[in-house]
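As given in Swiss-Prot:
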COMPBIAS  1-14  compositional bias 'Low complexity'
REGION    1-186  region 'Disordered'
REGION    2-111  region 'LISN domain, inhibits interaction with ITPR1'
MOD_RES   S2  N-acetylserine
COMPBIAS  35-44  compositional bias 'Low complexity'
COMPBIAS  52-68  compositional bias 'Pro residues'
COMPBIAS  70-80  compositional bias 'Low complexity'
MOD_RES   S109  phosphoserine
COMPBIAS  137-146  compositional bias 'Basic residues'
COMPBIAS  147-166  compositional bias 'Low complexity'
MOD_RES   S151  phosphoserine
MOD_RES   S154  phosphoserine
MOD_RES   S157  phosphoserine
MOD_RES   S160  phosphoserine
BINDING   T238, D312, E337, K367, D371  substrate binding site
BINDING   338-340, N372, 403-408, E424, N459, 480-482, N527  NAD(+) binding site
Amino acid sequence: MSVQVVSAAAAAKVPEVELKDLSPSEAEPQLGLSAAAVGAMVPPAGGGDPEAPAPAPAAERPPAPGPGSGPTAALSPAAGKVPQASAMKRSDPHHQHQRHRDGGEALVSPDGTVTEAPRTVKKQIQFADQKQEFNKRPTKIGRRSLSRSISQSSTDSYSSAASYTDSSDDETSPRDKQQKNSKGSSDFCVKNIKQAEFGRREIEIAEQEMPALMALRKRAQGEKPLAGAKIVGCTHITAQTAVLMETLGALGAQCRWAACNIYSTLNEVAAALAESGFPVFAWKGESEDDFWWCIDRCVNVEGWQPNMILDDGGDLTHWIYKKYPNMFKKIKGIVEESVTGVHRLYQLSKAGKLCVPAMNVNDSVTKQKFDNLYCCRESILDGLKRTTDMMFGGKQVVVCGYGEVGKGCCAALKAMGSIVYVTEIDPICALQACMDGFRLVKLNEVIRQVDIVITCTGNKNVVTREHLDRMKNSCIVCNMGHSNTEIDVASLRTPELTWERVRSQVDHVIWPDGKRIVLLAEGRLLNLSCSTVPTFVLSITATTQALALIELYNAPEGRYKQDVYLLPKKMDEYVASLHLPTFDAHLTELTDEQAKYLGLNKNGPFKPNYYRY
C-alpha cells in the first residue's frame, strides 16, 4: 500500500513522495531518521514552500543519544510520557523486543515489567516519477483549482480571506445565481455575497491609508455636496475603490458600479459593497459578454438614470453613447481617470460628438506625478514577483514607453539590478530616458535578447506577432498600460500554438519547436490583475476623482462647455495638502511681501497652469 503525502499545492513543484510500509530491519539502515525529522521533510498540506522545506527547530528535534543517556530513560513507562521515535528504533542490551500475538511489540525492562510499545510504521521515502504521477490526475479540473494546486493564487492574495472564501469549485456564473444581501436586496451581481465580512475587513484596512477621503467625509457631514447626484461608475473594484464609493455615498450621491477590467475585481470587496447596499455588478474572471452585461445593468435601470459618469478606460462612456445616447441630456459631466479613456474623449471632442463637459483626471498633477509614477514603481515588482518568482538582478528588460508609468517601471527595475532598455516615440521623453541612464533602442534591436518585455504606452499593437515570434525562450511579456491592445494577444490564438495555464494569470504560449513565452494577465493590466497597488498613492487619485465629481456637479451652468478640462490647480494643491499630515509635514507660509513679489495669493494657487512639475 502506498500513501501520497504531498499536498495538491506542492504537487506540481516537487517530486511526489511515496511512503511504504517496511519491516524494522529494512527501515533502519535506509532511513535512520526520527519521526520528527521525517515530518520536517514532508511539505505541510496547503502551505509553506514545497521546494525548500524547513528543518524542525532545534528545540523540537529529539536529542542524539550520548554517554549516559541511553534509551532506558526514554522508554520508561512513566505516566503521560510518550517515548521518542528515535529512541524506540535503537536496540539495547537492557531491553528486549517481544512480539504480541496480535502483531504488536512489547518492551521488556530489566525488572521483568512488560510494557506495550506504541505501534509505529517504518517509512521509507521514495521519489516517484513526477510527470507520471501528475498525469494520473483527473483531466477535468475546476476553473481555478489548477492554479491553486500549483501556487497560491497571486491574484487572490490581496487578503488572507481570499484563500478560504473564494468559491473556486463553483462553476455557476454569478449571472445565474439568486443572491440577496441581509436587507433582502438583490440589485447586484457578485461572485459570492457570503464573502462580505472578509471584504469589509479589507475596506477598513484601506481606510487607514486613505486620509484625504476620510477627511472629506468628516468635512462634508453637514453640507452633502453631492446630494441628488446619481453616479454610474466603471473602475477597478478594489478596497480603495470601495472607500471612494462609500465616501461618495457619504457626500450624498447614489452609485451604481461595474468593473473596468475583467481580472482586477476583488470578489470579497464587491460582496461587501453589495451587502452595504451598493448595486455592484462585477466579479473576477468575467467573460467579454459578462463585462458588457455588467455595464448595461448599471445603466439600464427602470426608474433610475445617471447624471454623472466616473469612468476608467472609456468603456462606460462608449456604451452609453452607443446604446443610450439620450441619457446625455441629463448627464452633467464625465470624469475620466486613464490615458486610454482620455484619448477617446479627445477623439469625441475633435469630432464634435462630445455632448457634455469632461474632466481629465489622468493628466492632473496629482494623478500623473503620484499614481502613475510611484504606484507603478512599486507595483511592477510586486506583480512580476508574484507571478514568476523571478530574480531581477542581471535580467535584461525592455520598457516600451517612458511616460510617468514607464519612468516608474524603469526606476524600480534599475534599482533591482536589471539592465533596462527603453523604446519611445517622443524625443523629449526619449531624451529624459537617456539622461536617466537608460539606453534608447528600437524594439527590434533587442527583442531576441531581453528576458522581460513591458508595455506602458496606451497605444495598440506595440508588441506584434513578429516580435513575439522572435523572442527568446521563456521571455516574460506583460502590460502596465490600461488597455489589453498593447500586446497583440489575438495573434497568438492560432492552431499551431499551444496555450498552457501554469498558475493564475500566467500562461505559457508554446511554439511548435518547443519555444515558449510567459504571458501575464493575457496582456491586461499587470499590477491590478496579478498583485495590488499602494493604498496611500491611490488615496491621492481617488480624492482627485471625488473633487472632480463635486466640481462638475456643482458648477454653474456655462462654466464648462462641451470639452475636456483639467482639474483646477487649486484643487490639485488641496488634494496634496490633505495628505501631508501623514508625514508630519509642515508647509512654509509666504509673507505678504513675498506673495506680492511673486504676484501670488498667499493661499495659492502657487504655480501657473503652464508650470510643469
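Positions of Cβ are set from backbone N, Cα and C atoms, glycine also.
Since the structure is predicted, the reported quantities are computational estimates derived from the model, not experimental observations.
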Site extent for substrate (largest Cα pair distance over T238, D312, E337, K367, D371, Å): 18
Local confidence of the region 'LISN domain, inhibits interaction with ITPR1' (2-111) - pLDDT mean: 42
Entries of T238, D312, K367, D371 which, being binding-site residues, have CA atoms within 10 angstroms of H482 (NAD(+) binding site): D312
In three-state DSSP terms, the structure that G403 (NAD(+) binding site) belongs to: coil
Secondary structure at K367 (substrate binding site), reduced by DSSP to three states: helix
Distance, D312 (substrate binding site) to M480 (NAD(+) binding site) (CA atoms, angstrom): 14
Distant-in-sequence Cβ neighbours of G403 (NAD(+) binding site), under 8 Å, six or more positions away: V339, N372, C429, C456, T457, G458
Among D312, E337, D371, E424, the most crowded of the binding-site residues [Cβ within 10 Å]: E337
Spatially closest candidate among T238, D312, E337, K367, D371, the listed binding-site residues, to K407 (NAD(+) binding site) (Cα to Cα): D371
Nonlocal residues around T340 (NAD(+) binding site), in sequence order (Cβ under 8 Å, 6 or more apart): G313, G314, G458, G481, H482, S483
CB contacts for H482 (NAD(+) binding site) [other CB atoms within 10 A, all chains]: 26
Sequence-distant neighbours of S338 (NAD(+) binding site) in its chain (C-beta under 8 A, six or more apart): D312, G313, G314, N362, G458, H482
